[in-house]
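Database features (TrEMBL):
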- 1-20: region 'Disordered' (REGION)
- 63-83: transmembrane segment (TRANSMEM)
- 95-113: transmembrane segment (TRANSMEM)
- 146-164: transmembrane segment (TRANSMEM)
- 427-618: domain 'FtsK' (DOMAIN)
- GLY444, ALA445, THR446, GLY447, SER448, GLY449, LYS450, SER451: ATP binding site (BINDING)
Amino acid sequence: MANTNSNRKRKKTKYNNGKKEKNFNKKSFSVFMMFLSFVCFIFLLLPNTGSLGDFITYNSFMAFGLISYLVPISIFISFLYAFLDKYIKNIKMFLISYILILFTGIILSLKYLSSSLDISLRNTEKMIKTSGGLIGTRIGYHLESFIGVVGIILFYLILWFILLKNISGLSYKDYFITIKDKIIIIISFTSDKFKKVYNKIKTIIREKKLQKIKNVKFKQNVRDFDKDKLIINSKKSNKKENSDENKKDIENKKNDDFDKVFETAKINSYKSKQVDFSDFDETYKQEYSINYKYPSIDLLDDRDDSSEEDREDIKDKAQRIEECLDSFGIKSKIVQINIGPTVTCFELKPQRGVKVSKILNLSDDLSLALATSDIRIEAPIPGKSHVGIEVPNSQKEVVGLKEMIASDEFIKNDRQLPFVLGKSISGRPMVSAIEKMPHLLVSGATGSGKSVCINTIIMSILYKHSPDEVKLLLIDPKIVELSIYNGIPHLIMPVITDPKKASSSLFWAIREMERRYKLFEENHVRDISSYRAYQEMDEKIEKLPYVVIIIDELSDLMMTAAGEVEDYITRLAQKSRACGIHLIIATQRPTVDVITGTIKANIPSRIAFAVTSQIDSRTILDMSGAETLLGKGDMLFSPSDAMKPMRIQGAFVSDSEVLRVVNYIKESRENEYDQKAIETVEEKTKVVENEDEDELIDEAIEIIISENTASVSLLQRKLKIGYARAGRIIDQLENRGVIGGYEGSKPRKVLVDESYLKGE
């Protein structure tokens, strides 16, 4: 057995040694052939290489002609691949290359081929050496008689096609597409160059004609005694004048051509769509109930809209855009210009064959050309075969809430809960409906206009609906934003500023939602619209108003009670639409720990104001774009039924306007808080506070007072509990003020005595 194994090992070793020796011999031969081909190539290139060099050069040129230079190069590359053990893998490519070299010699020999081989062979040595040699002429003669000159050239091109395909490593389909794209680029480049050369020649001819005409006129006025001298001087002076005048003519012609294009472009200015306030009050009172004294439109301020974007500035920007795109080979035409309050949208129609991605990638170059940093490209514009380039206006306008409230889009809107947003790029008043969304997420950096947007929504409700139709639940952890609305009859309860009460108020909203669903079940209806229609027929049935819950800063709530708040918001977002409860959530910190995936999935409508980074924009809108907004009310509105967000300049309402409207409503009607809802929130808050404290806390207080010291280890021993629970009890006692703060290795101070236990 041992002998058998040893014999196998010897055979294996012998086989491996033989394989290594064979591989070494192959590599040595490859190196030798590479050296030999290199020497031959040097002999072909350099003169005075001795008798050996002359012999190799003469015979190579006689055999191969001009392709003699390619023969040693191909041999060198072939043996280099053999040395690297890559020759067999690329054998197909090398075979095609050899045939191509041979056919190159045949192509070179075509001019010397005649009707008989004997005549071509009787050609001089010079002819043979400058063609494909004896090999090329002989094979070429037979091929020419068989497939003709056209067939030889066609076969030669096919070989090149196959070789390049193998080198590229692409499939035939991708290879054909690549060739097609390259041909289009070459044709486009050639045509552009041809046009430039043609225009240049045309300009030169025109200059010469003008120069001749001026010279003729000048010659007629020259005096005879100094004729030759004056003609020479006139040529020099006229040359300068003509060049300057021609430059001006070219520039004027260019401007005239752009003026014609600019005149054909449709210009929409938002100034032509201003609202007339004259018949507002009359129309408004006819539409709505007399039970609620609606605030007057005069309580809102008029905005100064006297300034207008300069047409020459617009024209200059349009020309720069076209020139910038043209410099990158993108042919396009401006077909429409929409002048908005803060941005102007230039609608481009690119020529066929221009990729949209190519235009999108030029945003930085367009910013440089227009000397601005806040350009946004919308490609394509929804519903159009155009690309929109949004450029900030040099003079920005403030969109007033008064104008939006008085617009027909808001007054004649037949939705249940309409609210104004602002003006679109084209200057059209933008009005949406809360029940259509059905929930809204608003986000943006500090100072971008988020709080003003919330005020605009609330003011829209106050101007459109009575307290019997809509109720508001306002949650404001920041305390100062929504507290101004305290006391209006639309509120279910006072504005909530305590985060714990905020969580409890959302719990009440869920209870209210479930109660409404039970009413729907009893009355055999499916949603609030059907219920309200049924209630109008039977007045005994309880009337249910719409409920709009507005949370001004979600991040504060998520910091205090993230789990509960997320669960409550998720349940409301999933089920509350049908029963008339809608959520509007705002935050200035659009991070994934605040706007969680669950919340985003259930709130389809979003408003994004200016944010600091593209990551924040993607968190809100699932796409970039909000990082390029201008701030101060500039927003991207993405309703649930739209494929792409719309850019809107938000309506502005000042604190003084809000205060005037709120005071007017307070004077006309007292607040109508829901006491049951307030009691539910208070009870839930107390339960939560009690649930937070450990059940052993009273015993812990007794132990600490009796021992006159407080530590985690003391509670562990006395109460027989774990370290984590004892640590939580210590923290709760510190919050109560029973013990002092942490002092390192020292025990905590006990701040109370036995009177604390008696409640004194």
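Cβ coordinates are placed from backbone N, Cα and C, and glycine is handled just like the others.
Values in this document were obtained by computation on a predicted structure and should not be read as measured data.
Taking the mean position of the Cβ atoms of GLY444, ALA445, THR446, GLY447, SER448, GLY449, LYS450, SER451 as the ATP site, the remaining residues of that chain whose Cβ falls within 8 Å of it are GLN588, PHE609, ALA610, GLY631. Across all of the domain 'FtsK' (427-618), the predicted model scores a mean pLDDT of 89. Ranking the binding-site residues GLY444, GLY447, SER448 by C-beta neighbours within 10 Å puts GLY444 at the top. Secondary structure from DSSP puts SER451 (ATP binding site) in a helix. The C-beta environment of GLY449 (ATP binding site), restricted to residues of the same chain at least 6 apart in sequence and closer than 8 Å, consists of PHE609, ALA610, GLY631, LYS632, GLY633, ASP634, MET635, GLY650, PHE652. Remark: THR446 (ATP binding site) has GLN588 as non-local neighbours, by Cβ distance under 8 Å and separation of at least 6 in sequence. A simple Cβ count within 10 Å picks out one of the binding-site residues ALA445, LYS450, SER451 as the most packed, and that one is LYS450.
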